[in-house]
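Chemist: Next up is a structure, given as structure tokens.
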Amino acid sequence: MNGLNVKFGMRDNFLDGLMPVSKLLEYADINETKAVIDARGLKHKELNDLLRESLQHGVSRIVINNVFGQRYIGTRLYDPGREKVTIEINNFPGNDLGAFLNGHRIIVHGNAQDGVGNTMDAGEIIVHGRAGDVAAMSMRGGRIFIRDNVGYRAAIHMKEYRDKVPVLVIGGTAQDFLGEYMAGGILILLGLTLQENDLHRANYIGTGMHGGVIYLRGHVEQHQLGREVGIRPLDEKDKEIIRNYVVEYCRHFDANPEEILQGPFIKLLPVSKRPYGKIYAY
Amino acid sequence: MLVQKYFPSERMVPEKDMDACGLFGVMNISGRRFGGEMAINAIKNMKVRGSGLGGGFAIYGLYPEYKDYYALHIMFQNQNLRAKHEVEAFLKEHFYVVYDEEIPTNPEINVFFPPIVWRYFVAPQKKSEDQTVTDDEYVVNKVMYLNTCVEDAYVFSSGKDVGVFKGVGFPEEIADYFMLDKLYQGYIWTVHSRFPTNTPGWWGGAHPFNILDWTVVHNGEISSYGTNRRYLEMFNYYCTLHTDTEVLAYAVDLLLRRQKLPIELVARIFAPPMWETIERMDKDQRELYTALRMTYAPLLMNGPFTVIIAHHNEMVGLTDRIRLRPITAGAKGDLVFLSSEEASIRAVCPDLELAWTPPGGEPVVVRLHSRDHLLSLNKSI
Amino acid sequence: MYSYLLPEFTVKRLEDRCIRCRVCERQCANQVHEYDGELDRLFTTEEACVGCQRCVVLCPTNALHVQPRTADYRPNCSWTRDKLQNLKKQAETGGVVLTGSGNDRPYRIYWDHLVLNASQVTNPSIDPLREPMELKTFLGKKPDTLQVTYDNDGLPRLESGLHPNVPISTPLVFSAMSLGAISYPAYKSLATAAREFGTLFNTGEGGLPAHMREEFGVSAIVQCASGRFGVDPEYLNSARIIEIKIGQGAKPGIGGHLPGEKVSADIARTRMIPQGTDALSPAPQHDIYSIEDLSMLIYALKETTNYEKPVSVKIAAVHNVAAIASGIVRAGADIVAIDGIRGGTGAAPLATRDNVGIPMELALAAVDKRLRDEGIRHKCSILAAGGIRCSTDAIKAIALGADAVYIGTAALVAMGCTLCHKCYTGKCNWGICTQNPYLTKRLNPEIATRKLVNLLKSWSHEIQELLGGMGINAIESLRGNRDHLRGVGLEAWELDVLGVKGAGE
């Protein structure tokens, strides 16, 4: 300690000095169907207060301008009785965009940061740009489309149950540990930001993977793959899945699906549902 | 930095604290000086990455009118004037003090228990027995003495044409307190917002840490701290600041300043490639990287870190080898940015031309009058 | 490969008492007992016996005795029987040696070196049977101060808002045991007992079955752990408290692994993963590599639940626990749960369970002191976990600074567990730590609930008795009140860390 008769105590970096909702409403223009929010200078909770307020007004569309790093956009919109909304973000949302998202639709006109769709349950996130680390971490349902590249550990521990199959489509390439621990869902990596014969950037792809599937367009070397995945040829069903999502990707980002569908594609599947079944002595 | 103390027993070595943070750095590669607005607003935009327990700034190109003199920023805590007299007597004996003044502060800004902070511009006044010692080494030794032996005195920074301003509070409060946006300009600004788990209430504990013109701001916890520390002790660096950033700063001093290794290789010492990757290299590279890992094994910085290291003409961003902490680089014209979050760069430079995220262990080296920072671009996303 | 392992237990059958009813044969999932119809005799396979005592208890004629075999090899203080057996096991399998339940190594148990105070003369002790003796405790963050205004009638009114707090009727909370690690009847019994008694149970990281949410959500602490199994917004919103599990006392620093064979249809539905896949919990939460990342998840959970629920962060007690706890509080947690080295587990590598972490008593004392030193102790509640065996352990923990204690192993023992340490095999003869329907139906949830309620009742009574003896009639007056503790047989550094005086000082 500092030897003084003074305790520093605690300052709440998230919650100190927040504006009340009545004041916050000056930053928003909410009518029957649409809300427009100016997020400049708003703190994380303040922006999300306004989003919740808009949802409770019954709007179907929310446009947020001047977003610079505000976190958790869409997270506080769990309200089972209400219609789902579409949120448009201009331009740079902060970490945990759409974390625990519950069926809403988020469109980002810019780059997203770490934790896009963290433990997302349902809904859709479309990023017209790139995303940071751990995109779609532990995602359980819904769809995420990222136009460009993603950072480390995308789709880590994504998982599925019955008809709830999460989908992550990445237009560019990814950094290491793509699909680590993946336990379910569909991950499509299109490699559109790479030159023709470039290798994908990621190493340790699918390490520890024990469920789901990765479709990868472009080139990787064997040493870039984790021990727990194997390369498999595509069957007709796979091609159908890829076609569907590529077409959708192109619809979002205005690209040519036929060009992309020419591939080459490979499929990565886990070698075992139980990769670590044999490492223990009983 | 540079508080050195020898402990006869490991039991007495203070427990290190862990801290995590927000980092930001901006450099004008043509060397043009600019104000603190960008650095301050960017770190403010990342407020939740800190807990208000420490913030600080390092500014390069700070004192062009005194650029040939070592600029000592010295704090005296507990408003201890006796410490100040003691320090000034010491400076008089060992240096030529060409100018000194209290660092101006804004009395309207309420900060936690502020110390007196003074700056001295000095040139070494060597005795005959010191003639063989280089100026830098001489200054390091004297700074070490002040930090260790004068109670309540602590040297924030000691380089030429560079200064560190830091304290307890959110960084924007520290900036307001020292009026950084109004009074100063520089061509590199690095900033740190601290989220420590320990040592609240001590101004010296904030980042940046400095030795001469080297500064380090750091985010993360170095799991190899004990190994790194014990290795550095063999080179006479004794860590007493209870923070793992200290080992990084000393390792930088040892490898870059004293051993004169290039930063690109030092990055590979701190965050070496995996053995598997080394196996796949061609023969010469394999030999080099094997040698680096063998020789400097105790300086592998294991565990999550992002660090921004700066000295004159250079600002370097680096993360650990599996990128457990974030970093994003950005560029627009002559300005190059390094930040924990991209949105903070965007907030202060809306028309950014390039934003990229290097892989773990890949340094972004920003150099004066060069485009070296773009070398990391094609390995990044 | 012929196994060189020696049996761990000796099974003695008194032939003159055995009536060949074959109860033992039916009860043993390890197939120790086998009836030979031709010889009309029961034979035993001792190698398979885990010493769970199920057959012994259920033998109608007390014909069975199961005892540990300890001295097979030449006695050796360094190369003990355990060490030799493990070496042979590793040589035969190449695997990591697994174990279950809590650490059984002879680390000092500080509870047994702390004694409690009682009132004599200078202040009166209180008779808890007839006078009020309050155990009600609030879990959550408390404000620095309150603003009060007077209304027109001159009555004071609370002006300031409060952080979410959860009241419990007794400072005893069932600790995290997931559905999957334990059976549905065991899980349901914990939930029912907690609800009935007005305290809480902890879902662990295996989710809360959808059909239980409405009824048991009010008594549930739900975990958000590294595997994020069964975590959706409804799960989080149905609960009383949300707990971020960073670590577990039995296995600090490593993840979990529910083997595929335990992932039955029900478990799969609750965890929301396909039946039969391994449920792997990563070692870290991959969105938390640092203290500011923890802060990010804490607020993500608060956002998800509209700031209506306290968020707890559970960590294993490790070397820097005090500094870590301070960081956790500053990161925005409302509750800090600390799990000591003797905490239990369904499965853990033996090397980790027996060697990693520090005793909870020391950790708790260090954390409480650190938070007070920094002036932030009221910003969180502390839950102490890991090896609380009896009401006096609990009350000593409260005197060392805990708000409440987690009880796990004790609750399992109440339901029938005998600490055979074989939880990881999935063959629990008591129907607790297994998913085999033949075994789980042995545990009657109604009876188990009664036993758990009785446990809470008797501990609460004992705590009231002890409080009364100290002249205290509300549990909050004991919290962190180390004046009521003295150490016996402890070294100076241990007393320093615990912050208690030696007896007689």
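Backbone N, Cα and C define each Cβ position, glycine as well.
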Chemist: Which residue of C:Cys49, C:Cys52, C:Cys59 does TrEMBL report at the same [4Fe-4S] cluster 1 site as C:Cys18, C:Cys21, C:Cys24?
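Modeler: Checking C:Cys49, C:Cys52, C:Cys59 against TrEMBL: the [4Fe-4S] cluster 1 site match is C:Cys59.
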Chemist: Compare the C-alpha of C:Cys52 ([4Fe-4S] cluster 2 binding site) with the C-alpha of each of the binding-site residues C:Cys18, C:Cys21, C:Cys24, and give the closest one.
Modeler: C:Cys24
Chemist: Express the distance between the Cα positions of C:Cys59 ([4Fe-4S] cluster 1 binding site) and C:Cys49 ([4Fe-4S] cluster 2 binding site) as a whole number of Å.
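Modeler: That comes out at 16 Å between the alpha carbons.
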Chemist: Specify the count of other C-beta atoms within 10 Å of the C-beta of C:Cys18 ([4Fe-4S] cluster 1 binding site).
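Modeler: I count 17 other Cβ atoms within 10 Å of it.
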Chemist: Take the C-alpha atoms of C:Cys55 ([4Fe-4S] cluster 2 binding site) and C:Cys21 ([4Fe-4S] cluster 1 binding site) and report the distance between them in angstrom, rounded.
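Modeler: The Cα atom of C:Cys55 ([4Fe-4S] cluster 2 binding site) is 12 Å away from the Cα atom of C:Cys21 ([4Fe-4S] cluster 1 binding site).
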Chemist: State the non-local partners of the domain '4Fe-4S ferredoxin-type' (C:40-69) in its own chain: residues 6+ outside its ends, Cβ under 8 Å from one of its Cβ atoms.
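Modeler: Hits for the domain '4Fe-4S ferredoxin-type' (C:40-69): 3, 5-15, 17-25, 27-28, 30-34, 418, 420-422, 425, 427-430.
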Chemist: How long is the line from the C-alpha of C:Cys49 ([4Fe-4S] cluster 2 binding site) to the C-alpha of C:Cys24 ([4Fe-4S] cluster 1 binding site), rounded to the nearest angstrom?
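Modeler: For C:Cys49 ([4Fe-4S] cluster 2 binding site) versus C:Cys24 ([4Fe-4S] cluster 1 binding site), the Cα atoms are 12 Å apart.
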Chemist: Pop the mean pLDDT for the domain '4Fe-4S ferredoxin-type' (C:40-69) in here, whole number is fine.
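Modeler: A mean pLDDT of 95 is what the model gives the domain '4Fe-4S ferredoxin-type' (C:40-69).
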Chemist: Setting C:Cys28, C:Cys49, C:Cys52, C:Cys55 aside, what same-chain residues sit with their Cβ within 8 Å of the center of the Cβ atoms that define the [4Fe-4S] cluster 2 site, listed in sequence order?
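Modeler: Here the nearby residues are C:Val11, C:Cys24, C:Gln27, C:Asn30, C:Val32, C:His33, C:Val50, C:Gly51, C:Gln53, C:Arg54, C:Val56, C:Val66, C:Asn429.
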Chemist: Around C:Cys55 ([4Fe-4S] cluster 2 binding site), how many other C-beta atoms are within 10 angstroms of its C-beta?
Modeler: 24
Chemist: I'm trying to understand the geometry here, so how far is the Cα atom of C:Cys21 ([4Fe-4S] cluster 1 binding site) from the Cα atom of C:Cys28 ([4Fe-4S] cluster 2 binding site), in Å to the nearest whole number?
Modeler: 14
